[in-house]
Amino acid sequence: MAESEAEVPKAKPRPIVRLGIFLISHSCLFSVICCTAGVLTLLLLPVLAKNTYISENALMPGSANPMFSSQEVSEANRLVKSLTSLDSKPVGSGIESQRLIAEYMSDLGAEISYHKFYPRSNQFHPLHFFSYPDSGSTRENVSCISHGLNTVGIIRAPRGDGKEAIVLVTPYNSLKVGPGEALSLGIAYSVFSLLTQVTWLAKDIIWLVADSRYGEYAAVNAWLRDYHMPVFSGLSALKAEICPVSNVHNELKENSVTERKINDGFRRAGTMATALVIKVTDGSEHFEDSLSIYAEASNGQMPNLDLINIVNYLAVHRQGLRVKVEKMRSLINCKWLKILGEILQSLGHVAKSLNPQWKFGIPAKDYVEGAATLASSLYYQALGVPTGPHGAFRDYEIDAITMEISSRVALNNKARKNDFLLRGGRLIEGVIRTVNNLLEKFHQSFFLYLLTSPSKFVSVGVYMIAFALLVASLPVVAASLYADAHKVDPSFGIDKSTPQASATDELSITPRSCKWLNAAKKVFLVHLWGAVVSFLPYFICQIPSCTPTTSFVVWVLLSSFSLPILSLILGSSFSYGRPSQPQKRDWTLLKSVTISAAFIGLCLMSVINFATAEIGALLMVPMCLMAQPLKLDIRSRKLRKFLRVACNLALGFLGFPPAGFFVLKGAFEGFGGITVGDFWSWLESIWSWSSATYLYIGWFERTRS
């Protein structure tokens, strides 16, 4: 009976367990394959991009003939002429332009109101970091004349119930209206005039003339903040509370020649379905009129892709405009990118010769332009800073884009100017009419995507493959290091049937747990130090008359002193004496815990902002996999170890945020004139927008340590 029990075969581990054992045993090869595949997939994204399409059938863009005619063009010319004539009146020209725009709105029968706002401080505050941008308080000692004044006109839809609205935004400097700003106001006014006469309008129209003397984003964001937060007092009460001697609002009303009364309170319409920011730039195109689309908002937010598809379709197929999205110009003439494009083009020809149905590969020129556009889309999403005033709408989950129309020649010729106004007005009319057909919010198309051209995109299901391949090796390597640190065979084949093995296993539980907790304690200390480093700028900003260079130096010194202080408080040490076998095991366990924390952080960041996580993975994954104690590699005196030391030093240098910033800035803009204060100024520009990239930079420093 005993012999039969001894001959009973042991149960084989499940296939998933065997696969895990195999991957842990070959973690080095697996990590190399995954990292290489992740980088190659990222380079193949322009080839894998799909043509855009309109998902929502109810939109029906271009299904109706445009009603915008030469009569509306003459209305636009009339406003442009009136605005440009104010340039000869420098004194009070701001009030005059606001009064003039209000009079034109009033003549159309629109509801008019003024929105008064004060500039707000963009000071870093850790408690307000994840709130919407510009959440600071009104600047202290602000004078009563240092305020902005938006002009708002509302058209009530004849077939609507007042529950939805479409917003037109035209930023302009009220102190001096430039030619481009005058034309953008003229186009918006002509469309606004047309919409007061149509019968098909089902959504209210809001025309926001944003006073951009303190910034385009600040004016739009201030109006949106008051629009969504009820104010129970009129403008006169606010004026009396903050500036009792200010009479700008009364002057605008008293000197107005219109008979309609300007509303004193804050006027609202329905829920905003979409918003269009209209801008006109000076003629700089050599071939044809163009339309530039800016869509990136804070922390990588993008509008629904259907909105971009509508604008692109109407601009190209109806108005004959050349649609552009931002590109990273430095990559256009990159030689290695051109060579890669030619290789992919040749592979596409070979694939097509083998099977005509295989559509792999694109022309080399298209690949280079697609890669440059993709890199720009990744960069601006990762930076987390809006590319225009449309970003203020995304903070309230409103789909919005900035449309920048540019003429190929200067608009001095009257006929050429009329044609430009006609095409621009019909484009805006077509977009509004298309959105007016929508019965619900944009939801059919994509919100997570990367653009490779105005008509091609990469969806979230495709570009996440590159990120997943990059980070897939981290948990496998962490498990392999954990097994090596405890001298456990990767198969975990411990024969617990013998009492000696059971006793040995029980005795080893406590020391192993202590070692793991000690490594976790050190990782926690470094992360805590990173949090302290991230919050130090709040206190440094309180120092009066502190230059960017001085602020940066103070930040570095305080950061350097804070680590040993935290180490003393928590009783943790990072120093190692002469390397011994137990210390090597402790370092291996520390690396395992660090890689696990990096993997969790990258996955969490991919949910907040994929572009930031993707760029971070490109830097952090090789750094995590190749990191080794420099003392051990240098003492080995082997070529392979010296090469690893060089790679670790290079990755550590580039992974250090100030060094990486100076290298990239010098590569793209030149190294002349770069100062250490530039990095501090750049940090100020991203923390003022509550960009998650700022916290990620602090995490870079923690991981590097």
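Along the chain as shown, residues are numbered 1 onward.
Cβ coordinates are placed from backbone N, Cα and C, and glycine is handled just like the others.
Taken verbatim from TrEMBL:
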TRANSMEM  21-45  transmembrane segment
TRANSMEM  460-483  transmembrane segment
TRANSMEM  523-540  transmembrane segment
TRANSMEM  552-576  transmembrane segment
TRANSMEM  588-607  transmembrane segment
TRANSMEM  613-630  transmembrane segment
TRANSMEM  642-664  transmembrane segment
TRANSMEM  679-699  transmembrane segment
Open item on the list: Below 8 Å between Cβ atoms, which of the listed ranges 523-540, 613-630, 642-664, 679-699 makes the most pairs with the transmembrane segment (21-45)?
Closed with: 613-630
Open item on the list: Restricting to CB pairs under 8 Å, which listed stretch, 588-607, 613-630, 679-699, is in contact most with the transmembrane segment (642-664)?
Closed with: 613-630
TODO: Please indicate, using numbers and ranges, the residues of the same chain that are 6 or more beyond the transmembrane segment (588-607) and have a C-beta under 8 Å from a C-beta there.
DONE: 464, 467, 471, 474-475, 477-479, 481-482, 484-486, 515-516, 519-520, 522-523, 527, 613-614, 616-617, 620, 624-625, 627, 692, 696, 699, 703
